[in-house]
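**Student:** If you scroll down you'll find the structure; I have some questions about it.
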Amino acid sequence: MVKTEKDQGFMPVRSNEDSEKVPDVIEESDHRGNWSRKLDFFLSCLSYAVGLGNVWRFPYVCYKNGGGAFLIPFAVMLFITGIPMVFLELSFGQFASSGVVSIWSVSPFFQGVGWAMFIVSCLIAIYYNMIIAWTLYYLFASFQERLPWSYCGDWSSENCLADHAVMYNCTFHNGVWLNETCYHSGQVNESYFNYIQGLANSTNVQYTSSSDEYFHKVVLDITKGIESIGGVKWELALCLLLAWTLVCICLAKGIKSSGKAVYFTAFFPYLVLTILLVRGLTLPGSKEGILYYLIPKWDQLLNAKVWKDAAVQIFFSLSPCWGGLITLASYNKFKNNCLFDAVLVSILDSLTSVFAGLVIFSIIGYMAHELHQSVENVARDGPGLAFIVYPEVVTKLPVSQLWSVLFFLMLITLGLGTQIATVTTVHTTILDTFTEFFRPGKRSFILLLSIAVVGYLIGLSFCTQGGMYVVQLFDNYAATYSLLFIGLIECLALSYAYGANTFLDNIELMLGRRPSMLWKISWSFLTPAALLTILIFTAVDFDPTSYGDYVFPTWAEVVGCFITILSISAIPLVALCKVVQGLIRLPNIGLLEVIKMMMKPTNEWGPRLKEHRELMKVSPDTYESQRCMMLNDFSSERS
């Protein structure tokens, strides 16, 4: 094959003689292992991509941005940013069979991208498990004879109202609600009724649902703000401990055991969603809820914010740039069809979001019907949907414990699917960076336990009375701006420093055929432009972090910015270290020459197995200076 870009590293040799050197049976990596079955990998990717956001964020974003019309920009952004980024990372990880740091032997100057992904995965793994812990708390509470959030207990305030439908029915029929009693003009004389009406208007009591108060007063025992963190709630601490234990069990035998766990975490949510949809469609008002969700508002397509929201939803739903996709693909067999996997996972993830919206809005439509409210007033996203709205809905259903258990089991499996891949990223990165130390014996499992212990100890801050505010801060800053920036640099590094044509050559070696040039156009122009635009829009559209009516203080926003900078700062810092080391070792070479060398692949770049590396040929002028430098910093250039 003719070399298409000068000094871009290994190039595939296409000949029958070479292809015969690598029998398909020689695929197993002795050091890292492979997926037992192709389906294990596919379900792991699907379980990783389909998470809590598909259920509690997409439906709300969809209806808010034009309903059915939102599906148009959603689909467009799927093909501009979603599928190209997923294919880029799956093929990248599969080709080199390396973790997110060691894989950057492809261009050491950009090795900070790998460290940034590693830091992002660490941050996400720490706070994401807290959401699973809250869900576990509700799951255990669902087995009580009477759901504890279905009534106002000793823990409730004077304004607690167990059944809002009673109050709304009263006012809907021209009654006056005061002191948990409904008054009608026909029941009392007119003067007394006017007095009651005036008293009700003057007091203007803001009633809260029992499910709302249960979540905030019992589960969280929440303080007034992040400045008052409060003490640790031992019930939540135990649930968090159980969440980490579940993760360790799923990863106890590495990729082999996690590959078995995903058969449950991938399929069970679809089973529950289907059951809930069937049940939801039988409820009064469900049709109105679904229509409100799907009816297109075409004028919204002219709103730039709608397109921005579609791009953001696609990007964060598929979870590129966390490092998880690269890590999962690194355990693939070399000739796996990662293009097929990327397209199918991306499309199924998007369809799951739409399907989950049907389920959620059928339930919300029923809630609106019960409360005589519009769907808009009932619809919520995030924790409010999972821990307030839906728990309130199930109290109105027969055998409410059953529906509660199913819903929270679904949330747990959705969360675990993402969490398992995220912790695998952290674990694999350390294993591949410090190979000689962790590979022998049981040290790999000890490392997993160490990650869980550290994550649990840090996560205790989320178990405090003000822990919800800390979770919100992490959620807003740990993986928003940083992911967009990481994705932008990743695309540019592989497209220009390494070379999009060379990358396509590598993929051709795996797939046996060359992918379309449309992928090069996407990685080189369309996807970077889209990510840069999203990043700018997200920054311009910045809103201070808030929870309910509480707006976070300035110092908390500064801490949030530090959380963002913590990951992306690795990119320039590692690049600077590489250049400084190069200047020290080769003082007679200018700065620009050193930077150019650091952007080229090292001798370590390429497939992990020798049999596959034989299909590659080295360009001597590319590596001569690299051999002299022998830069081993960060230990990431070791196979």
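The first residue you see is number 1, and the count goes up from there.
Cβ coordinates come from backbone N, Cα and C, glycine included.
TrEMBL annotations: computationally assigned, not manually curated.
What you are looking at is a predicted structure, and each value in this text was computed from that prediction instead of being measured.
I grabbed these lines from TrEMBL:
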type: REGION; residues: 1-24; note: region 'Disordered'
type: BINDING; residues: A49; note: Na(+) 2 binding site
type: BINDING; residues: V50, N54, S317, L414; note: Na(+) 1 binding site
type: TRANSMEM; residues: 70-92; note: transmembrane segment
type: TRANSMEM; residues: 113-140; note: transmembrane segment
type: DISULFID; residues: C152-C160; note: disulfide bond
type: TRANSMEM; residues: 261-281; note: transmembrane segment
type: TRANSMEM; residues: 310-331; note: transmembrane segment
type: TRANSMEM; residues: 343-368; note: transmembrane segment
type: TRANSMEM; residues: 402-424; note: transmembrane segment
type: TRANSMEM; residues: 445-471; note: transmembrane segment
type: TRANSMEM; residues: 477-500; note: transmembrane segment
type: TRANSMEM; residues: 521-540; note: transmembrane segment
type: TRANSMEM; residues: 552-576; note: transmembrane segment
**Student:** Give me the sequence-ordered set of same-chain residues, not including V50, N54, S317, L414, with a C-beta within 8 angstroms of the centroid of the Na(+) 1 site's C-beta atoms.
**Tutor:** A49, G51, L52, G53, V55, F58, P269, D349, T352, S353, A356, T418
**Student:** Same chain, outside the transmembrane segment (552-576) by at least 6, Cβ under 8 Å from its Cβ: which residues?
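**Tutor:** Here the qualifying positions are 109-113, 115-117, 119-120, 123, 225-227, 469, 472-474, 476-478, 480-482, 485-486, 489, 544-546, 598, 634.
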**Student:** Should anything in the same chain at least six residues away from the transmembrane segment (445-471) have a Cβ under 8 Å from its Cβ atoms, list it; otherwise answer none.
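**Tutor:** Those are 125-127, 129-131, 133, 220-223, 225-226, 228-233, 236-237, 240-241, 244-245, 247-248, 251-252, 383, 423, 426-427, 430-431, 438, 547, 550, 552, 556, in sequence order.
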**Student:** Looking at Cβ-Cβ distances, which residues of the chain lie under 8 angstroms from C160 (disulfide bond) while being 6 or more apart from it?
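**Tutor:** Expected: C152, Y207, T208, S209, S210, E213.
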**Student:** May I ask for the distance between L414 (Na(+) 1 binding site) and A49 (Na(+) 2 binding site), taken between their Cα atoms and rounded to an integer number of Å?
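**Tutor:** With the alpha carbons as reference points, the distance is 9 Å.
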**Student:** Round to a whole number and give the Cα-to-Cα distance in Å for the pair the residue listed as 'Na(+) 2 binding site' and S317 (Na(+) 1 binding site).
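**Tutor:** The separation of the Cα atoms works out to 6 Å.
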**Student:** At a threshold of under 8 Å on Cβ distances, which of 70-92, 402-424, 477-500 pairs most often with the transmembrane segment (343-368)?
**Tutor:** 70-92
**Student:** For V50 (Na(+) 1 binding site), which residues of its chain lie six or more apart in sequence with Cβ-Cβ distance below 8 Å?
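**Tutor:** When sequence neighbours closer than 6 are ignored, V50 (Na(+) 1 binding site) has A266, P269, L348, D349, T352, L414, G417 within Cβ distance under 8 Å.
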**Student:** Are there any residues in the same chain, six or more apart in sequence, whose C-beta is under 8 angstroms from the C-beta of S317 (Na(+) 1 binding site), and if so which?
**Tutor:** A49, G51, G53, N54, F58, G82, D349, S350, S353
**Student:** Ranking 261-281, 402-424, 477-500, 521-540 by Cβ pairs under 8 Å to the transmembrane segment (113-140), which is first?
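**Tutor:** Stretch with maximum Cβ contacts: 402-424.
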**Student:** Provide the number of Cβ atoms within 10 Å of the Cβ of L414 (Na(+) 1 binding site), excluding the reference atom itself.
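**Tutor:** I count 29 other Cβ atoms within 10 Å of it.
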**Student:** If you count, for each of the recorded positions A49, C152, the other Cβ atoms lying within 10 Å of its Cβ, which residue has the minimum?
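**Tutor:** Comparing Cβ neighbours within 10 Å for the recorded positions A49, C152, C152 has the fewest.
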**Student:** So which of 261-281, 402-424, 521-540 has the most C-beta pairs under 8 Å when paired with the transmembrane segment (477-500)?
**Tutor:** 521-540
**Student:** Using a 10 Å radius around its CB, how many other CB atoms surround N54 (Na(+) 1 binding site)?
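**Tutor:** Counting Cβ neighbours of N54 (Na(+) 1 binding site) within 10 Å gives 24.
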